[in-house]
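Below you'll find the structure, written out as structure tokens, and then a few comments.
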């Protein structure tokens, strides 16, 4: 008998002001396995990393992501950096990083191996390059269109 276990892919991100670039990223990640789980960054993590709170709270971002057909489950991350405990609980076979995430694949792999997590870590390329697929550019267009 073959192994019928599903291949679990995990991605993480802020996903604030969901846009077409996010959807393309999630579709590409889903194609790496059978099950896609998204870790949505905690509001405190966003505030610390970006210097501002997210536009939408984590609960709303999670609910929006759950409505995307490529996504099988969504969890809200813990405050702080990548939670090894959360990754252990999710048991990923693959961790897919976005093209703009500032984590080193090799450093993350080393950290995971040290904790006994043997997930493959890969960085997905930009599939959809456009100002319409960058949250900061969308915010800038909103300000220029409605506030000036």
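Please read every residue number as a count from 1 along the shown chain.
Just so it is clear, glycine is given a Cβ too, placed from its N, Cα and C backbone atoms.
As the structure is a computational prediction, the values presented were derived from the model and not from experiment.
Per Swiss-Prot, the candidate among 93, 100 that belongs to the ATP site alongside 14, 15, 19, 20, 21, 22 is 100. Taking the binding-site residues 14, 20 in turn, the residue surrounded by the fewest other Cβ atoms inside 10 Å of its Cβ turns out to be 20. In the three-state DSSP assignment, the secondary structure recorded for residue 14 (ATP binding site) is coil. Among the residues 14, 15, 19, 20, 21, 22, 100 said to bind ATP, no two Cα atoms are farther apart than 15 Å.
The Cβ neighbour count for residue 19 (ATP binding site), using a 10 Å radius and every protein chain shown, is 17.
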